[in-house]
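So that you can see what the record holds, here are the features copied from Swiss-Prot:
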MOD_RES   Lys60  N6-acetyllysine
MOTIF     115-120  motif '[IL]-x-C-x-x-[DE] motif'
REGION    244-586  region 'Interaction with SCYL3'
REGION    306-341  region 'Disordered'
COMPBIAS  308-341  compositional bias 'Basic and acidic residues'
MOD_RES   Ser366  phosphoserine
REGION    485-564  region 'Disordered'
COMPBIAS  507-528  compositional bias 'Basic and acidic residues'
COMPBIAS  530-539  compositional bias 'Polar residues'
MOD_RES   Ser535  phosphoserine
COMPBIAS  540-564  compositional bias 'Basic and acidic residues'
MOD_RES   Thr567  phosphothreonine
Amino acid sequence: MPKPINVRVTTMDAELEFAIQPNTTGKQLFDQVVKTIGLREVWYFGLHYVDNKGFPTWLKLDKKVSAQEVRKENPLQFKFRAKFYPEDVAEELIQDITQKLFFLQVKEGILSDEIYCPPETAVLLGSYAVQAKFGDYNKEVHKSGYLSSERLIPQRVMDQHKLTRDQWEDRIQVWHAEHRGMLKDNAMLEYLKIAQDLEMYGINYFEIKNKKGTDLWLGVDALGLNIYEKDDKLTPKIGFPWSEIRNISFNDKKFVIKPIDKKAPDFVFYAPRLRINKRILQLCMGNHELYMRRRKPDTIEVQQMKAQAREEKHQKQLERQQLETEKKRRETVEREKEQMMREKEELMLRLQDYEEKTKKAERELSEQIQRALQLEEERKRAQEEAERLEADRMAALRAKEELERQAVDQIKSQEQLAAELAEYTAKIALLEEARRRKEDEVEEWQHRAKEAQDDLVKTKEELHLVMTAPPPPPPPVYEPVSYHVQESLQDEGAEPTGYSAELSSEGIRDDRNEEKRITEAEKNERVQRQLLTLSSELSQARDENKRTHNDIIHNENMRQGRDKYKTLRQIRQGNTKQRIDEFEAL
């Protein structure tokens, strides 16, 4: 029994390990990977590895894994990566898993600066990446520092601005909050829709020379072949759409492209190594096939996948609506609960107030009763004193009468009688005055007793009103509401230093529609506004001395009103011969 070979395949978000047989082909391994991760849009992807000479290479699907120049490690190391890119992510990517893999790969390319991204776009993309990971911003959950361990912005951008890590995070948090209500899958798609407008997005660059020996870059992407000057990867100078190319071939380091226009000369360039031409050929064939496929009616398989994706998306929308409805119901219940708690607290406070008023009234009533009792005792004492004085007065009157009788009946001396009479008269006058004072005092005490009695009656009435008032309604009871292109490539064949491939352009429709495109920022007013705001904010903190060569090129393109698609239209102007002549003249 042959010994199995251990293989590790790293996707953008997982590591997969397999044991394969020595005769396992690249396609069998590839199929095992896509089956494991549930991917059906297999035509974009491939297995990438570093060969035993240290060059990056794509695994050939029609050859045994063990027969290819994979670096001998245990386990063998492969990366599952996008090899080809769609022209328009919103129109072409069907499955969520496909969208996620592209999102993660493009994000890594931007963060590592393999894809140049201007600062304001980097911050906006960072906020979409946060929405894709965390969902809606919630200040109760996403406390300060929740982004501290996240890679969100290219280091180049951070170095160019006088902002701390916290200040970068604050800016991204503000834009994260703006994406409220956006599904995570939709945030990934919005990220890709903006990223695909970046000049270096989806392009494989190769060092080449023209016949004059000028060092240039060849850019191979989903739309065709572009030529760049050596010091500018952002602005292509000449472009050839796939629909203009009928044959591609190479012999050793010489690469020949034959245009459909037979009056035009061959487009010839030279690569530094044979293996570079092999990679260019593979990418040209694969991208051309996808370019043609997109311009023909969808296959039954793709139609079925799109129908299934629409159904799944519709189902997700229904689930989202249900979740939103449930969330709103919960929020309503919470608000009602909070309202009831507030009302309960208010009622409790009112009840406490009633209790305090009742206790105060009872205390006042008790004090008034005590005061009334004291007044009553004083009144009684005054009355008793008045009665005693009245008795004394009456006795004095009787004595006076007696003396008068005695004055008549007895013979006393005039002086003695007069003296006694004067004495008793003075005494009677004093007693009469004392009696009047006591009567006035009795009247005063009777008046004060009457006032106390009136206060007592009033207090009893107030207490009766408080005690008989209906109690505050009890707080309401809270009741919770229940609730991948398959490469049609063969190996290099018997001739290891050359290969030729015919590129058919028959049966396609609207072959240059990409030239009509505009950027996401141009067609989406919200994105345009966000980018302008960010650009204005960042300009105040930018260190102009740290601008890179790409920054200078990008800013100049912006100043002249150029973008990816306007440049594309410009570099494809004129016939094929004119553009090939222009290439040779570089």
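Counting starts with 1 at the first residue shown.
Backbone N, Cα and C atoms are what each Cβ position is placed from, and that goes for glycine too.
Features recorded in Swiss-Prot, as mapped to the structure shown.
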residue: Lys60; record: N6-acetyllysine; DSSP (3 states): coil
residue: Ser366; record: phosphoserine; DSSP (3 states): helix
residue: Ser535; record: phosphoserine; DSSP (3 states): helix
residue: Thr567; record: phosphothreonine; DSSP (3 states): helix
Counts of helix, strand and coil residues, the region 'Disordered' (306-341), according to DSSP:
36 helix, 0 strand, 0 coil
CB neighbours of Ser366 (phosphoserine) within 10 A?
11
Rounded Cα distance in angstrom between the residue listed as 'N6-acetyllysine' and Thr567 (phosphothreonine) is 35
Cα-Cα distance linking the residue listed as 'phosphothreonine' and Ser535 (phosphoserine), given in Å to the nearest integer
22
Between Thr567 (phosphothreonine) and Ser366 (phosphoserine): CA-CA distance (Å):
98
I'd like the per-state residue tally for the motif '[IL]-x-C-x-x-[DE] motif' (115-120) from DSSP, helix first, then strand, then coil.
2 helix, 0 strand, 4 coil
Cβ atoms other than its own within 10 Å of the Cβ of Ser535 (phosphoserine), all chains, total 16
Pick from Lys60, Thr567: which of these modified residues has the biggest number of other Cβ atoms within 10 Å of its Cβ?
Lys60
